[in-house]
Amino acid sequence: MNLRRGSKVWVEDRNLAWVAAEVDDCVGKQAQVITTSDKKVSVLAKKLLLRYADEDDHGGVDDMTKLTYLNEPEVLYNLERRYALNEIYTYTGNILIALNPFAKLPHLYNIHMMEQYKGAPFGELSPHVFAVADASYRAMVNEGKSQSVLVSGESGAGKTETTKLIMQYLTYVGGRTARDERTVEQQILESNPLLEAFGNARTIRNDNSSRFGKFVEFHFNGTGRISGAAIRTYLLERSRVVQITNPERNYHCFYQLCASGQDAEKYKLGHPSHFHYLNQSKIYELDGVSSAEDYLKTRRAMKTVGISSEDQEAIFRILAAILHLGNIEFSPGKEHDSSIIKDQKSSFHLQMTAELFKCDVNQLLSTLCTRTIQTREGNIVKALDCNAAVASRDALAKTIYSRLFDWLVDKINNSVGHDQNSHLQIGVLDIYGFECFDNNSFEQFCINFANEKLQQHFNEHVFKMEQEEYSREEINWSYIDFVDNQDVLDLIEKRPIGIVALLDEACMFPRSTHRTFSAKLFQHFSSHRRLEKPKFSETDFTVSHYAGKVTYRTETFLDKNRDYVVVEHCNLMLSSKCCLVAGLFSSISEESSRSSYKFSSVASRFKQQLQALMETLNSTQPHYVRCVKPNSLNRSKKFEKLSILQQLRCGGVLEAVRISLAGYPTRRSYAEFIDRYGLLAPKIMDGSYDEKVIAEMILQKLKLDNYQLGITKVFLRAGQIGILDSQRAEVLDDAAKCIQRRHRTFIIWRDFKSTRIAASVLQAYCRGSLARNIYEVKRKTEAAIVMQKYVRGWLRRCAYLMLPTAAITLQSNIRGFAIYDNFLCIRRQEAAILIQARWRMCKYRLAFRNRQASIIVIQCLWRKKLAKRVLNRLKQEANEAGALRLAKNKLEKQLDDVTLRLQLEKRLRASNEDAKSVEISKLRKKLESLILELDAAKLATINEINKNAVLQNRLELSSKEKYALEREIISISELKKENAHLKGSRDALERKNVSLELALTKTQKESIDAIEKLQEVEQKNSELQENVKRFYGFSLWNCVFIGLNNL
C-alpha cells in the first residue's frame, strides 16, 4: 500500500472499531496518523486501510459493492451514515442488510410501497425487503425455478418482523381474491401470531425472541398464485418451559392464559407470580404489550387456521396443567430414596393437573414418584428421591409442551394444505444467528453448527455470483479461490469420529459424564487446528468458527442431548380421556425397549433436519437478508460500532467482502474510470481512442499488472485502486502547488506595497503618541505631590485614633477576667455539693446491698436443705423399682419352667394319645393363666419403668438446682469481695473530700486577694483615662496651631 503524507486512512480503535485518520508521516514500516479527534497515533503501515474522503460528503451508497475501497471500516461507516438518515436497508450485491430501527416506520410497509416494488427491477429503487421478496417471486415466475429467502441475525435484530414482511409481500403478489373468510393467504399470515405465542419469549436481548427455527414454504401454481404452504420448525428451546433466568420470560402463551380472565378462573389460574415455571423471573409484563389482547389474537388466529373450539379448549387445558404441574413439590418419604407430596398446596396442584389432563390422580403421582424397570423375572418398581421426582416432573412438562408445539405446526400445515402437485416454491427461512455468550451450552453449539452449514452455503452462493459476474464480462477467473469452512463441519458432524458422534456415543453409556466426553474429544482432536482446550478448564472446549472462537461448557451437553421418552409418561397421557392429550403420544411397543426410557439424540436429529434443509436450499436459488441489531439498549438512532461489526462478521457479510477481495473487488465502468483517472495521461486523452483502449493505455503507463478488462468494466485487484488514487493525488498535488506558488507571489507583492504606505502613516502616529506620553508624565508628577500631602495627614489622624481604641480594649479584658474568676468560684461550689450528694447516695446503697446479700445467703441455705430432702426421697423410690425388677425376673423363670414341661408332655404324646390330649388341655389352661400373669407383670414393669423415668427427671432437676445453688454461693463470695473493694473506695473518697475542702478554703482566700488587686487596677485605669483626656486636648490644640502655620 502506497502511503504518503495527507493520505486518508482508517485506523483500528478499541472502542470505536475504526476511526478516520490522516497520515502525518511515514517512516519505514511505521506510520504516524492524526485521527479526527486530533490524536496522534503511531501504527504499523500494514494495519491501515485506505479511506475514500469524497464519500464523507454524502449519505453513503445504497450498494456497498459501489464503495471505492471495499473493506470493513468502509462497510461499517456506510451503514452508519445511512442509518442516521433512517435508511435502514443497504445492499451488498444481492444481499440485503437490514438494521433494526427500533421505531415504527409505517410509511415503508404500506400497500403503496408494495405496489411500487411490484415488478420493479432489482436495484432500480432504494434497497428494501420488498425488493428481495419481489426479486425471488419474479425469478420463480420467469425462470420456473424454486427460490428461497434466508433471514438471519442475532436475537433482537428484527428477523421475525422481516420474515412477516416477506410473507406479507408474497401473499400480496401471489394471493387471490376469495369469498371464503379462511383463504390460504390469511391462514399463512395468521399462523405468525399463533407460532409467536407458543414459540417466542422475552430474552435479555429481545422482548419477542423466536426460540425455534422456522422454514415456511409457499407453493405456487402455474399462474404464480399461492396454492398451499408448509411450515418446518427446528430445535425448539424446551428447557425454557421449566427453567428461566431473570429478566427473561417463559413462552408468551402462559402469560396470555393467566391474563385471560374467565378462562384463567376456570382453570384455577392467577397471577404469573404464583407459578414456579413463571416466577423464576420477576418480569411478568412487557412494555406496550397487553397479554389479554394477545390472548384474543391467539384465539382468533387458531380459529383462522382451522382449530376447532374443542381443540382450543384442550390446548389451553394442557397449558394450565403444565403450570399446575410445575407447582407440585416433593419431600422425602419414609423409605430410603423415596418421595411424597410435600404439603396440601402441592396436593391441590396435583389434583388440578390430573383434572386438566383428565387422567387418574394416583397414576399421575405414581408416574412422578416411581419408575418401573422391566427385567426377565418381572417388573421392578423403583422409588425416586426428591431430585429425581422434580426431574421427572420437568421432563413431563417439557415433553408435553414440545409435542403440543409440533401438533400445532402439523395442524397449521394440514389446515393450510400442502400442494403436492406444485413445482414452484419460495421458502422463507427465519433462523437464529451466530451466538457467542459468556456461558455457551448445547443450544449455542447446535445454533452455531446450523450457522456453519448456512455460511458454507452462503460462501458458495457469493462465489457463484462472482463467477457469473466474471463470465458476463468475459474475464479469466479460474485461479480465484474462496475461504471454505468444511474442516469445521467435518469436526462437528463427520462420522464415525466427530463432536456429534462422540456426544451420541457418550450418551449411550449411563456412566459417561461430561468429563469423559471432553477427555475423549481432546484425545481424538488434540492436533485439530479448529479445536482448542481453554487454559483454565479441563472440560470446556473452544471451536474456531468462521465468525470467531467460541468456548462451550460441557456440563449440560449430555443431559440436553439425551431426549429420553419416559414410558410411564406416555402410558399416563395415553390413558387420558382428552382426545388431544392422548393423541400427542403414540403407543410404545413392548419389544422396543426393556428400559423405562427410550433414548433419542437431539444433536443427531437436528443434524438430519439440517441436512434436509440444506438439500432444499441447494435445490433453490437463494436470496439473503442479514438483520443487524444496531445497539444493545433497543433504542433508535444509537449505533454501536463494535457490536455491529461483530454481527456483520457473524452474518457473513464481511466474509462476502473477503470473497470479493480474493478476486477483483474494484470494478469501474470505462466512463467512470476515464473521468476519474484520465488526468494521469493527458496526452492520451487528447487522442481519439475508444474508452477501453484509453483505460488500457492508462493502466499500462502506470505499469499495473493483474488487472482485467471486461466488456463494460475495468476489474482491478485489491490495492490497485489505492495506487491509482495515489498517482492521481500526486498529479493534483503538483497542480495545486503550482497554483499556490503563483498565488503566494501575488499576495506578497501586494502586501509589500500596502506595508510601505502603512509605515509612513504609522511613524506620524508614533511621534504624536510620544509627545502625548511626555505631557502625561509631567501631569501625573504634579498630581502625585498633592496626593502625598493628603496621605501623610490621613496617616497621622489614624495613629491618633488608635489610642482610645487600645484603652477600651484593655478595660474590657480586665472586666472579663474578673467575671471569669467569679464564674469559676461558683462552679467549684456546685461541684463540691454534687460530690457530697453522690457520696451519701453511695453510702446508703452499700448498706442496702449488704443486707440484700445476707438475705440471699439465708434463702440459698434453706433451698439446699429442701433439695437434700427431695434427693433422699427419690433414692428410696429408686430402690423400690429394683424390687419390681426382681419379681419380673422370677416370673420369667417360671415361664421358662412351663415351657420345659410343655416339651416333656410333647414327648409323652406318642405313648398315650388320650392322656396326652387331657394333659395338653390342662397345660394350655395353665399356659393361658401364666400368660395373663406375665402380661400383668409386664404392665406393672412398664409402670415401674415410667415411674423410674419420672424419678430420673426429678433427679436431673435436683442436680440442676444443686448446680444453681453452687453458682449462687460463688456469686455471694464475689459480692463480698466487691463489698470490701467498695469500702476501700469509700475511704479513698473521704480522703479526697477532705483535701477538696482544704483546696476550697485556699481558693476563697486567693479570690479575695484577686478582688483587692482588681480594685487597685481600676483606680489606676481611671487615673490613666484622665491623663489620656488631657493628652488628647493638648494634641488637638497642637494640630490647630500647625494648620494655622501651614495656612
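Even glycines carry a Cβ here, placed using N, Cα and C.
Annotated features, as they stand in TrEMBL:
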BINDING   GLY153, GLU154, SER155, GLY156, ALA157, GLY158, LYS159, THR160  ATP binding site
COILED    864-940  coiled coil
COILED    972-1027  coiled coil
DOMAIN    59-729  domain 'Myosin motor'
REGION    610-632  region 'Actin-binding'
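Take the mean position of the Cβ atoms of GLY153, GLU154, SER155, GLY156, ALA157, GLY158, LYS159, THR160, the recorded ATP site; other residues of that chain with a Cβ within 8 Å of it are ASN100, ASN206, SER209, GLY433, CYS627, LYS629. Within 10 Å of the C-beta atom of SER155 (ATP binding site) sit 18 other C-beta atoms, taking all shown protein chains into account. Scoring each of the binding-site residues (GLY153, GLY156, GLY158) by how many neighbouring Cβ atoms lie within 10 Å, the top position goes to GLY153. Counting residues of the region 'Actin-binding' (610-632) by DSSP class, helix then strand then coil, yields 9 helix, 8 strand, 6 coil. Counting only residues at least six positions away in the same chain, the Cβ atoms of ARG205, TYR432, GLY433, PHE434, GLU435, LYS629, GLN647, CYS650 sit under 8 Å from the Cβ of GLU154 (ATP binding site). Listed binding-site residues: ALA157, LYS159, THR160; maximum Cβ neighbour count within 10 Å falls on LYS159. The average pLDDT for the domain 'Myosin motor' (59-729) in the predicted structure is 85.
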